[in-house]
Every structure is written in structure tokens, then in C-alpha cells.
Amino acid sequence: MEDVLWAVVVGFIIAFILAFAVGANDVANSVGTSVGAKVLTLRQACILASVFELLGAVLIGARVSDTIRKGIVDVNVYNGTEELLMFGNVAALSGSGIWLLVATFFRLPVSTTHSIVGATIGFTLVAAGTNGVNWSKVGLIIGSWVISPIMSGLITSVFFKFVEFFILKKDNAAERGLKFLPGFYAFTLIINLFSIFYTRTPLLGFDKIPLYGVFILSFGGGLLTGLMVWLFVVPWMRRKIQEIQEESKANMSQSQSMWRQSIEHFANAFPITIIGNSVKYDKAQIINEKADSKDEEENLKNAASPPNGVIAPENGIIVPADANMNAKEKSYSPEANGHICNGDVVTNGDVVSNGDIASKEDTHYGTLLSKDVEEKLEDHEDPTSHLHIEETKDRPEVGKLFQFLQVLTAGFGAFAHGGNDVSNAIGPVVALWLVYQEGSVAQKSATPLWILAYGGAGMIIGLWVWGRRVIKTIGEDLTAITPSSGFTIEIGAATTVLIASNIGIPISTTHCKVGSIVFVGWLRSKASVDWKLFRNIVFAWIITLPVAGGVSAGIMALLRLAL
């Protein structure tokens, strides 16, 4: 086998590039929501993921790499032509790596598992024809394009609605959250411990634990953690929440005082009459009152507009006149939309003089309604978008409850991801190495730990160098994420992967996470989801298998011609 040593060397180089691409694209699944919810900074997320991804890769990565090496294609068809199988693995590494780098460049989270499976099928079709492919596995993978996001989205929706109904929509949300906190920690530990123990990885001796032992360890660890949280964490968290609430009240009092001072300043500078639910400011005298009669309201409407006017609505937003703009001009450029210029309001490029706001319903002299201010203050923006962003913000004390829970789920997610997805990077190179060492396609030896560590290191470097691109897509661009919704997304996706993988349903962690994010965003507000981005992501999922397979098949064909 000395004459094919070059294939082993080239394979290891390409495998590192593939691991880099896996880290840059797929690690976003484990930490993207934590960054989007502002629970972790990008740097903190990278540190957390680096530690747990590497631990997962080394400790539980060997089991999945066996499936990638021998579960997708029938390696027995290469008996007597071992070199052909080695060339095929080089092609598979290349095809998968190229597609993942392209997807990462366009900030699209795709399934690395589907990428390497597609690439493996591609070289097999060239080398051994259709007989070498396990087509039933391929059919299940195609089915997972629909099953993964919908199943995860539905399970996550149940978790989110539970949290929303029992905690987020209650007046005493923080106190209600404290009561549920031990249960949340217990459930999180049970799900993740069961996932780890049930891998039955021989390196940690988990293969010797019977099923009832897995249940005892998982539920025992979860319940013990819940008890510790109830005894120690809840009292400490209650004190922290009280501090946040007191600080919030102090800040509100200070902001109200500053607002009043600013009104007084403008009132001293200008005689101001505001007609918007009949709020009146006149010199230093500030009166908040509603008109008691139609006559009184009419008198306010007929009041003279101030010279070089300042118009303010009931909600306290003050828009000073823009002296740099010429009030005599009959029209302004569209960029001036919403500005008030010497008493003139520019709306859609037209001047409505003397501070009038024209609408389809009616026109009021000197009147600026609150809804008009919302529409006019932000240029080139959808006024409703700000409302949706506000809706998705947790109260500070409620966000505090879920912050560490989300960090905990992110850590477990990174550990599971390292164990599962490092195999995508190193599965073919392990096959290369073992075929070279044994001279047989059977690959009976165990996956070497040093190759697992090699793949884990490549993933970590990819995360640090290029991971921010897809992390931004997952954590920020699809929809706004808060600590509470982030926790439900993490635990919902983890539960889905655990259930589906143990009943034989093929699942992609990427598809699960994206499905959970979109479902939660849709439940909060349909307009808060970037549906165009989601459409592009789904399109990338669909073409992952054929594109990676096509590139791999092309490289395999070139290798056969050249060698």
C-alpha cells in the first residue's frame, strides 16, 4: 500500500479543511441562540464551544464515525480494489468540504451530515454504480428534510407555550419563574445526561451500563440537580431579581425626571401648543389634561401654531424644527420624509404646512398624533418592526432566570455536537487510515483517538476564524431571540434529537435548530421571522445532497482517469 501513501497524506490535509468548514458552519447550532439572546458574547460562546466540542469529539465521537465509514455504502464491493475506496474517500472529503465552505460564505446553515453522505454517495456511484449505495438510508435522509424542522418546531412550540402561559404572561412572571426553575434544571439534565449515557461509548465504559442504569443515572442526576437548585440557586436568584427590580424603578424615576426637565426647557424657549389627545404645554407651565368637552377640544385645535414650531405628541417625543431646511419650498426630497421643517411636516416628499399632518381619514391644524410620530421618526423603516422587537424582549428579571439555563443547554449541545458531527469530518479519513494500515476494506480496528482530536481541533479553528457568519444567521437574522425563547429552542431541539434518534427517525441537528427558531418566532409574531432568509436556507438544504455528491463524483472521475 506504499504507492497510495499520498492519498492518506492528501486525505488528512483535506479532512482538516473539512473540519474547519464543519466548525465554521455547524457549531452555530450549539451556540448561535445564546449569542443571539445576548446571554453570551461571541468570544465567550467560542470558548464554551471549543471546550465542549473537543470533549465531545474525543469522548463520544467514535461511535458515529463507524456509521459514516460503513453505514452509507457497502464497503464489501471494494474487496480487491482497496485503492479505489481510498480514492473515493479523498473525493468525499473534497466534495463535502467545498460545499460547506460555499454555504458558510453565504451564511447558510446546512447539514454537514447530509453533505458528507451526499459526497459519499457521489464517489460510490462513479466507483461501484448504484449497487454500492444503501438507498433506503438515502430515502430516510431525504425524508428528514421535512421531518426534522417540523418535528422539532412542534416540540419546541409546546415548551414555549408552556413557558409563555405559566410565566411570561403573568404579572408576577419572575416569582412564577422561580417556582418552575428547579423543574427546568432537572428536565434539562435528564434529557442531556440520557443522550450522553445512551451513546454507549466504550471509551468511557458506557457500553457496560444496562438500560435501567442509564435511566437511574439520568433521572437521579436531574432530580438531584433540581433539589440543589431549589435549596441554593432559587434563594440567590430571588435576591438578584429584587436588586434588578429596585434598580429598574430607580432608573424609571430618573428618566421621568429628565423627561420633565427637557419639557420645561422647551417650554421656556417656545410657546408650545400640542393637540394630540389634548395635551397642552405653554411656556413654563406644563398641564397634562384631556379636553372635557368638544368645545374645549375645538379651542385647542384652533390655537395658533408656534413660530418656528416645536410639535410634541402625548408620548413625550419632541421634534424640534429643522432650521437648515427651507420652509418656502413646495416639496422636499424623499430622504426628508418625516422631518419637521420650520413648522412644515414633510410626508412622502410633500409639504403639509403649518405643522398639519394629512391623512386619509382627516387633517388637523397643528396636530401630530402618536402613531404619526412612530411612522415619521424612523426613515426607511417599517414602523411595525420596532413593535415586534419590543414584543420579543424579556423583562430583565425574567431574562435573568433563563440565562444560565441557556448556557447550560449550549454546553451540552456543544458536547453532543462534537460527538456527533466530528465524525462527518474524520469518518472518511479514518477509513483512509485503517484501510492503509490493515490493507482491508473491513476496517475492524477502533477509531484512533488522535484522529478524533485532530478533527476536533480543525472544528475549533473553523469556529474561531469564520464561525461568526452562521452564528449571526442562527442567532440574530432569522428572528429575535431572548433568554426564555432561547432556552425553549435549545431544550426543544435536544429533546427532538433524543426522541427521533432512539426510535429510528433520521434527524439533522441543523434542521432541528432552525425549525425550532422559526416556529418560536412565528408564534410570537409572523412578521418577526425573516421568511426570505428561511426560504434560502431550505433551498440550501435541498441542494446539499446533490451538490456535494456531484462535486465528489466529479473529483472521483478525475482521479480514476489520472490514476
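Just so it is clear, glycine is given a Cβ too, placed from its N, Cα and C backbone atoms.
Sequence annotations record features per position, and here TrEMBL assigns region 'Disordered' to 291-314.
According to TrEMBL, the transmembrane segment annotation covers 6-24 (among others). Tertiary proximity for the transmembrane segment (6-24) is limited to same-chain residues at least six positions away from its ends with a CB under 8 Å from its CB atoms, namely 53, 83, 86-87, 89-90, 93-94, 96-97, 100-101, 104, 112, 116, 421-422, 424-426, 428-429, 432-433, 436, 454-463, 465-467, 469-470.
What TrEMBL lists as transmembrane segment is 45-64 (among others). Outside the transmembrane segment (45-64) by six or more residues, the chain places 23, 27, 30-31, 34-35, 196, 199-204, 407, 410-412, 414-420, 422-423, 426-427, 446-447, 449, 452-453, 455-457, 459-460, 463-464, 467, 471 with a CB less than 8 A from a CB of the stretch.
Look at TrEMBL and you will find 84-106 (among others) tagged as transmembrane segment. Within the same chain, residues 4, 7-8, 10-11, 14-15, 17-18, 21-22, 24-25, 75, 78, 112, 115-116, 118-120, 122-124, 126-127, 424, 428-429, 431-432, 435-436, 441, 466, 469-470, 540, 544, 547-556, 559-560, 563 sit at least 6 positions outside the transmembrane segment (84-106) and bring their C-beta atoms closer than 8 Å to a C-beta of that stretch.
Residues of the same chain lying 6 or more positions beyond the ends of the transmembrane segment (113-133) and with a Cβ under 8 Å from any Cβ of it are 18, 68, 72-74, 77-78, 84-85, 87-89, 91-96, 99-100, 141, 420-421, 424-425, 427-428, 508, 541, 544-553, 555-557, 560. Residues or ranges marked as transmembrane segment in TrEMBL: 113-133 (among others).
Among the features that TrEMBL reports, transmembrane segment is placed at 145-168 (among others). If one looks beyond the transmembrane segment (145-168) by at least 6 residues along the same chain, the residues whose Cβ comes under 8 Å of a Cβ in the stretch are 176-177, 180, 394, 398, 484-485, 487-489, 491-493, 495-497, 499-500, 505-508, 511-516, 518-520, 523, 541-542.
What TrEMBL records for 180-199 (among others) is transmembrane segment.
What TrEMBL records for 211-233 (among others) is transmembrane segment. Distant neighbours of the transmembrane segment (211-233): 181-183, 185-190, 193-194, 197-198; these residues of the same chain sit at least 6 beyond its ends, with a Cβ under 8 Å from one of its Cβ atoms.
Marked as transmembrane segment by TrEMBL: 449-467 (among others).
Annotation source TrEMBL lists transmembrane segment at 538-559 (among others).
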